[in-house]
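Annotation comment: Swiss-Prot describes 2-22, 44-64, 85-105, 113-133, 163-183, 188-208, 223-243, 255-275 as transmembrane segment.
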Amino acid sequence: MLIIELLKAIFFGIIEGITEWLPVSSTGHLILVQEFIRLNQDKAFIEMFNIIIQLGAIIAVMLIYFERLNPFQPGKTAREVQLTWQLWLKVVIACIPSILIAVPLDNWFEAHFYFMVPIAIALIVYGIAFIWIEKQNAQQEPAVTDLARMSYKTAFFIGCFQVLSIVPGTSRSGATILGAIILGTSRTVAADFTFFLAIPTMFGYSGLKAVKFFLDGHHLDFAQVLILLVASLTAFVVSLLAIRFLTDYVKKHDFTIFGKYRIVLGSLLLIYSFFKFVF
């Protein structure tokens, strides 16, 4: 029944909207949830669905930060316009590693890593990394506390960290936030740049998935279009709340709690995978 599929789409949209911006891996969570709750659709559609619904989350970022990211915003001074263009150039530079490395390798990683055990291991490894990095930085003041002071070189290396998210369970936001902190930015700068970097990265990735879907001879019927729209709209609404939460959270707290969450979830998944294999 279509109504059941739409309810599932809403549920998946909620998962996407929450986990896309928290450093816990949205794709990993969607794959995990679909182990128990699946759309009654073919594999090709589900793989495309997991990526396309990220567009709702991206539109939420564009809405929240529209004035800041718009170089043509009325009332901006010449200096503010210059800084906006410089920010976009940093974002473009940070996309280069993904274009050169992640895009060519995407199909291979999708074929070999999109199942439970690699996701669980990635959750645990990066959970440990978050806790360790936060402990190392506890007594250190960040060198970069404003995006305007972040160098193009730093932006490029943050983009290199983003490539790590090609492994499901890593988290794109987690990899870039972790990388930015290692490179000396404050948590606020790390979170903001992660939001901005997501716009071209995820638009591009979603576009590639959509093109591949149609080039492979697939098509969308009315029900599938409706499922995509409902899930994306839900992800958009939930993302508005999740982004606000994270931007407020990082002003007062570190990312240790997310590291602990990742370790617990990853461990439970390994146990689940073991019993599933045995029984």
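Don't overthink the numbers, they just go from 1 along the chain as shown.
Every residue, even glycine, has its Cβ placed from backbone N, Cα and C.
Taking every listed stretch (85-105, 163-183, 255-275) in turn, the largest tally of C-beta pairs under 8 A with the transmembrane segment (113-133) is reached by 255-275.
Fewer than three CB pairs closer than 8 A are found between the transmembrane segment (44-64) and the transmembrane segment (163-183), and contact between the two stretches is not assigned (pairs 6 or more residues apart).
Sequence-distant contacts of the transmembrane segment (2-22), counting only residues of its own chain at least 6 positions beyond either end whose CB sits under 8 Å from a CB of the stretch, comprise 28-30, 33-34, 37-41, 49, 53-54, 56-57, 60, 173, 195, 198, 223, 226-228, 230-239, 241-243, 246, 258. Remote same-chain partners of the transmembrane segment (163-183), defined as residues 6 or more beyond its termini with a Cβ less than 8 Å from a stretch Cβ, comprise 20-28, 31, 97-98, 101-102, 105-106, 109, 113-114, 118-123, 126, 129-130, 133, 137, 142, 144, 154, 157, 189-191, 193-194, 197-198, 201-202, 255, 258, 262, 266.
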